[in-house]
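Features as listed in TrEMBL:
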type: BINDING; residues: C4, C7, C23, H26; note: Zn(2+) 1 binding site
type: BINDING; residues: A54, V55, S56, D60, I85, G163, D168; note: ATP binding site
type: BINDING; residues: C278, C281, C290, C293; note: Zn(2+) 2 binding site
type: DOMAIN; residues: 3-27; note: domain '2-thiouridine synthetase TtuA-like N-terminal LIM'
type: DOMAIN; residues: 51-224; note: domain 'tRNA(Ile)-lysidine/2-thiocytidine synthase N-terminal'
Amino acid sequence: MIRCDRCSGRAAIFQRYSGLHLCPRHFEEDVHRKVKEVLRTYRIFGRPCRIAVAVSGGKDSSSLLSILHALFSSREDVELVAVSIDEGIAGYRPRTLAAAASVAKGLGVEHVVRSLEGEFGVTTDLLASSGQPQGPCSFCGVLRKGLLNRTARELSADAVATGHNLDDEAQTVMLNYLKGDVDRLYRLRPRRALPGMVPRIKPLRRVPEKEMGVYAIAHAIPFETLACPYLSRAMRQEVKELLNDLEAKHPGTKYSIVRGFEKILARDPPGSYEVVACTRCGEPSSDGVCATCRLLERLRPEQSL
């Protein structure tokens, strides 16, 4: 029997990047420690606050809601509300929404659901069939983020917590490097509060995806394993496979990518980021017309929306 390196208990997981065998109790402590370290960097918990937790129904976001509830349920100055966005993906989103509703109900957390169709008159399935060269993922991401921000603002949330894990962060850094998208790279920097934009926090950004899966299963957290049917069309999937291969050969690669990028950001002072109201809808924008309105204006002539 392999023993936990922190105690004499039976080990439940081996972290190749750290060389540690951990029992269930010390594994949970390790995950919570990483989450707490990230939360401290945002400096938003020293006052009463309301956190909108984006819950898709997958293992990461469902576990995030459970972890934040475990950390803050005894505190009267922190309130959680779960927010789910229905993108309109037949055979997929109804199942994930059911999982999101289940975990929120089990924790006694308010659950708010908004849909792209209800807000914008489009669905991801419709976007996928529109013949746009960019594919549905780009459009879906813009609309989902915009609606999530709007919903969080309407709920008077002080921050939006998303379930992005270490793998997601490493993929995003590499993806934008490969695309040469410097602007998007710098947008990964934690930003100060901007007019109309609810600050985003990523409490799981130092926890590997595999460990989030283990955490969810070990704690019997409801989550849906079904993958989005449009996932294979995205370049991110190729980057994910590349990084998984590198991680298997060189444990700690994903941590190195994220930490190295954080060091680059720390050396480079943040630039100015002006936000103005979109001339079409009034939502925050960097150049007069927000990304959501630009996208919808491209689609409406073809789809008669």
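Glycine is no exception: its Cβ is also placed from the backbone N, Cα and C atoms.
Note that the structure is a prediction, hence the values are computed from the model and not measured.
Using Cα positions, the member of the binding-site residues C4, C23, C281 nearest to D168 (ATP binding site) is identified as C23. Comparing C-alpha positions, D60 (ATP binding site) sits nearest to C23 among the binding-site residues C23, C278, C281, C293.
Residues 208, 211, 214-215, 218, 251-252, 255 of the same chain sit 6 or more residues outside the domain '2-thiouridine synthetase TtuA-like N-terminal LIM' (3-27) yet have a Cβ under 8 Å from a Cβ within it. Of all the binding-site residues in the list C23, H26, C293, the shortest Cα-Cα distance to I85 (ATP binding site) is found for C293. According to DSSP, C293 (Zn(2+) 2 binding site) sits within a helical segment.
Same-chain residues that are not part of C278, C281, C290, C293 yet have a Cβ within 8 Å of the Cβ center of the Zn(2+) 2 site turn out to be T279, R280, G282, E283, S285, V289, A291, T292, R294. Taking the C-alpha atom of G163 (ATP binding site) as reference, the shortest distance to any of the binding-site residues C4, H26, C281, C290 belongs to H26. When the alpha carbons of S56 (ATP binding site) and C4 (Zn(2+) 1 binding site) are compared, the span between them is 33 angstrom. DSSP assigns I85 (ATP binding site) to a strand segment in the three-state reduction. The separation of V55 (ATP binding site) from C278 (Zn(2+) 2 binding site), Cα to Cα, is 27 Å. In the three-state DSSP scheme, H26 (Zn(2+) 1 binding site) falls into the helix class. The shortest Cα-Cα distance between C281 (Zn(2+) 2 binding site) and any of the binding-site residues C4, C7, H26, A54, V55 is the one to A54.
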